[in-house]
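For reference, the structure is listed below as structure tokens.
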Amino acid sequence: MGNTKSGALSKEILEELQLNTKFTQEELCTWYQSFLKECPSGRISKKQFESIYSKFFPDADPKAYAQHVFRSFDANNDGTLDFKEYMIALMMTSSGKANQKLEWAFCLYDVDGNGTINKKEVLEIITAIFKMINAEDQKHLPEDENTPEKRTNKIWVYFGKKDDDKLTEGEFIQGIVKNKEILRLIQYEPQKVKDKLKEKKH
């Protein structure tokens, strides 16, 4: 947890964020000043996070997905994120090291936090992702994955699971490493998130 209540970012947090987000020091300081304007306390609530996330997707409904992203990064369940957690949350959805990203993806899909993923949880996240895909883009999705239910079924088949089976973190990560098609199916198009972040920054 970083202390982000002061007017300037600490050297340690800056270095860590430069490493994890690939933003320059100048860019991070700009993000931080913007963050403090919206969240003077140095912490962001779930509602504020949803509001900021919504600005990236004016032609879609990212609220449900934003709630799940927030949950997955609110490690101590206090209902807030500090600046470091906030930036990593935004960037982990669009970039990040492979292992970190897969570990985060498991947390995202483990909706109830019990250490395993079931098919219902996959459907919940996929449904949230579909709300972020505009109607025109949905028309161009392959026939066997153009609804949340179809995409969830396809993912579950790729993992070799029956409807009532559960996935452990090891199975989840191993399955994706072996079959990159699963990674494509479980995530919102990362390039679109990256583009939205760059638009917001300028």
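Here the Cβ of each residue, glycine as well, is placed from N, Cα and C on the backbone.
What Swiss-Prot lists as N-myristoyl glycine is GLY2, and the listing cites similarity to another entry.
Summarising the annotation, Swiss-Prot assigns domain 'EF-hand 1' to 25-60.
The average pLDDT computed for the domain 'EF-hand 2' (61-96) is 84. Among the features that Swiss-Prot reports, domain 'EF-hand 2' is placed at 61-96, with the record citing sequence analysis.
According to Swiss-Prot, the feature Ca(2+) 1 binding site maps to ASP74, ASN76, ASP78, THR80, GLU85, an assignment based on sequence analysis. Remark: ASP74 (Ca(2+) 1 binding site) has LYS46, THR80, LEU81, GLU85 as non-local neighbours, by Cβ distance under 8 Å and separation of at least 6 in sequence.
The domain 'EF-hand 3' annotation in Swiss-Prot covers 97-132 and rests on sequence analysis. Sorting the domain 'EF-hand 3' (97-132) by DSSP state (H, G, I as helix; E, B as strand; all else coil) yields 24 helix, 3 strand, 9 coil.
Marked as Ca(2+) 2 binding site by Swiss-Prot: ASP110, ASP112, ASN114, THR116, GLU121. Counting every protein chain shown, the number of other Cβ atoms lying within 10 Å of the Cβ of THR116 (Ca(2+) 2 binding site) is 16.
According to Swiss-Prot, the feature domain 'EF-hand 4' maps to 147-182, an assignment based on sequence analysis. Secondary structure of the domain 'EF-hand 4' (147-182) per DSSP, as helix, strand and coil residue counts: 24 helix, 3 strand, 9 coil.
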Can you list, in sequence order, the residues of the same chain other than ASP110, ASP112, ASN114, THR116, GLU121 whose CB lies within 8 Å of the CB centroid of the Ca(2+) 2 site? TYR109, VAL111, GLY113, GLY115, ILE117, ASN118, LYS166
CB contacts for ASP112 (Ca(2+) 2 binding site) [other CB atoms within 10 A, all chains]: 11
How many Å separate the Cα atoms of THR116 (Ca(2+) 2 binding site) and ASP78 (Ca(2+) 1 binding site)? 22
Nonlocal residues around GLU121 (Ca(2+) 2 binding site), in sequence order (Cβ under 8 Å, 6 or more apart): TYR109, ASP110, VAL111, ASP112
About how far apart, in whole Å, are the alpha carbons (Cα) of ASN76 (Ca(2+) 1 binding site) and ASN114 (Ca(2+) 2 binding site)? 15
According to DSSP, does ASN76 (Ca(2+) 1 binding site) sit in a helix, a strand, or coil? coil
